[in-house]
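Just below is one structure, and these are the notes that go with it.
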Amino acid sequence: MKKYNFNAGPSMLPREVIENTAKQILDFNGSGLSLMEISHRAKDFQPVVDEAEALVKELLNVPEGYSVIFLGGGASLQFMQIPANFLIKKAGYVNSGTWAKKAMKEAKLFGEVVEVASSADDNYTHLPHNYEIPADLDYLHICTNNTIFGTELREDIDAPVRLIADMSSDILSRPVDVSKYDAIYAGAQKNMSMAGVTVIIVKDDVLGKAPRELPTMLDYRTHVEKGSMFNTPPVVPIYTLMETLRWVKAQGGVKEMDRRAHECAEALYAEIDRNKLFRGTVAKEDRSLMNICFVMNDEFKDLEKSFLDFATERGMVGIKGHRSVGGFRASCYNAMTMEGVNALIQTMKDFEAQH
Ligand SMILES: *Cc1c(COP(=O)(O)O)cnc(C)c1O
């Protein structure tokens, strides 16, 4: 039976990206060696890093004066690497969900942290809106897509201070005005690659200002200067990233990804709103196009387990909601197709017809 992968991360990748990576794992560029066995300094591998970097810049229209680096440690390492490099006295955080809160916790190790806005009291069922950004912050940190709660900020805000964004779960799903940010970071395993690499886009002239000595590995300058080759980078995840970037470009770039994201999410939300069994969990204006969260309506609560079984039998994978929301979550990243979304919609309709 065909499987439709709605996992929140690691998540679905385009089939051809997986196949091309698999080929290179067996025989890298006809060298007779696996991609896993070669030196990261092999002359055949440098072009992979160069192309991945160039494609990130091209696809996201990264302006002059920014560097793109690939690091290990996941987005979670960035929760501390960002304040280590950028926090001088005081940073502001928008607390829009679990990941935003974790980022804020790490920043407190490096200086004063202000929670500029929060939707925690409403269990993050909407984004914080209409908050004031103090002008004396070293930076404001936002999380553009709240993977767990299913809210998303799909625009680039104006901030009177440096703006830093965790875009782990919606990068490459829309055009971004990078010039509004001083740093953007994203763990790759949601929308770009397998787990193991994190993409960081950082403005060069803000580096080196932190009033602390940084361990070499934590200083972004180390990796900018060495082109992500200071130490052994995650070779296979970077290769897969490059393949995904090629795929995004061939499909029509981030504008086309944006169009598809709207198409998939709007169809699924329309079914959630129409179907008597289900309801969405977040404010309509803040609904994520990437992570679509829904629960059973109260009078059908006892059908939750049986819907999950029903959907699983039909090939739906990964739709169980995160424990802090419950219900269901269908993640529709770039590689998801309307075919997959329609299969889920049909499953919901068929289940409704039985009840
Ligand atoms: C998954 C996720 C993270 C954590 O990523 P790791 O790579 O596992 O550290 C951080 N932020 C957001 C928005 C995420 O979705």
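Glycine is no exception: its Cβ is also placed from the backbone N, Cα and C atoms.
TrEMBL labels come from automatic prediction, so no person has curated them.
Pulled from TrEMBL, these are the features on record:
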type	residues	note
BINDING	ARG41	L-glutamate binding site
BINDING	ALA75, SER76, TRP99, THR147, ASP166, GLN189, ASN231, THR232	pyridoxal 5'-phosphate binding site
DOMAIN	4-344	domain 'Aminotransferase class V'
MOD_RES	LYS190	N6-(pyridoxal phosphate)lysine
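Positions of TrEMBL features highlighted on the structure.
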residue: ARG41; record: L-glutamate binding site; Cβ within 10 Å: 9
residue: ALA75; record: pyridoxal 5'-phosphate binding site; Cβ within 10 Å: 25
residue: SER76; record: pyridoxal 5'-phosphate binding site; Cβ within 10 Å: 15
residue: TRP99; record: pyridoxal 5'-phosphate binding site; Cβ within 10 Å: 21
residue: THR147; record: pyridoxal 5'-phosphate binding site; Cβ within 10 Å: 27
residue: ASP166; record: pyridoxal 5'-phosphate binding site; Cβ within 10 Å: 29
residue: GLN189; record: pyridoxal 5'-phosphate binding site; Cβ within 10 Å: 24
residue: LYS190; record: N6-(pyridoxal phosphate)lysine; Cβ within 10 Å: 29
residue: ASN231; record: pyridoxal 5'-phosphate binding site; Cβ within 10 Å: 13
residue: THR232; record: pyridoxal 5'-phosphate binding site; Cβ within 10 Å: 10
Alpha-carbon distance [THR232 (pyridoxal 5'-phosphate binding site); ARG41 (L-glutamate binding site)] in Å: 9
Listed binding-site residues adjacent to ligand 1, that is, members of ARG41, ALA75, SER76, ASN231, THR232 whose C-beta is under 6 A away: ALA75, SER76
Three-state secondary structure, which DSSP defines for ASN231 (pyridoxal 5'-phosphate binding site): coil
Within the predicted model, mean pLDDT of the domain 'Aminotransferase class V' (4-344): 97
